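In Swiss-Prot this protein carries:
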DNA_BIND  4-79  DNA-binding region
ZN_FING   7-27  zinc finger
ZN_FING   43-62  zinc finger
REGION    81-110  region 'Disordered'
DOMAIN    145-384  domain 'NR LBD'
REGION    373-384  region 'AF-2'
């Protein structure tokens, strides 16, 4: 494919020359908005995140750096011209370059209709990745409202509100660090509250969740209150080895015994390291795989919900599971995909057991007043009753 047909930032189809290089509408808009709003981003990893059409939204720092690296010119940007909008694409029948989602699609020019199954799971996983990126932006912000579980679940989804996200979803100065420090009880409280808030907002982005009765919404979110925060904390942790989970503010925990914490919560910490962190690192789970696995974990029909909601959730869950498997086969080849997919899905069983044991530990800790939960946390852990 000639360069003029490909966005130099993400390798998607180019819609024309923008700011000096061929680029797609998405990267053009992202570059313009970043420059015009003078936005500053922070990479959560080593400033070397992949940027292609399957994962271009995952790290805005690395995406903007790539825009500059491939030649996008800030000086050619004029506020009164080149409005953000849709430019009709040149729909030629073209080969796609090898990339993370589409892989080696074809050895020759292939009509769009023949690529529709691949396009289908590409689009679905892209949507999950965008949702996950937005959820993490909210997690990294300083926004944390005080509200009841009912208020949280009945309000509009903030992640789907672009005006809110542009105003509030910026990285809090608190969520950066220069050196690590061992986590305290207050730090645990802080990050659990943040992750539970983001969980309620994440849940509301699912159409199947929106259509459920309130009782079922509550039960599903409460069922996910242990495992989803664990997934967030582990996947977004910078790599300091297989025995350390690091939070965005530089606080961390490892295998060090914490005598002031209940024994059950110490045990949960070791389970997180062994059952989640270690497999994630060994399998080298990428962003798309994580976004899909998190959705599969959240949409759990084993929650105490109505039969109708169980069917609806299971249908959505099976669809995402099939798309994840197809993606992994496309990316890894059949043999490796079967191993990685099987190992990833089996993690769900171990995590469910961990969640049950953790809730028992929390019940005991609350009974003996070992932990001071907020009313919102109590509703989420013990149910909205």
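All positions are counted from 1 along the displayed chain.
Placement of Cβ uses the backbone N, Cα and C atoms for every residue, glycine included.
Sorting the zinc finger (7-27) by DSSP state (H, G, I as helix; E, B as strand; all else coil) yields 3 helix, 5 strand, 13 coil. Taking DSSP states H, G and I as helix and E and B as strand, the region 'AF-2' (373-384) has 8 helix, 0 strand, 4 coil.
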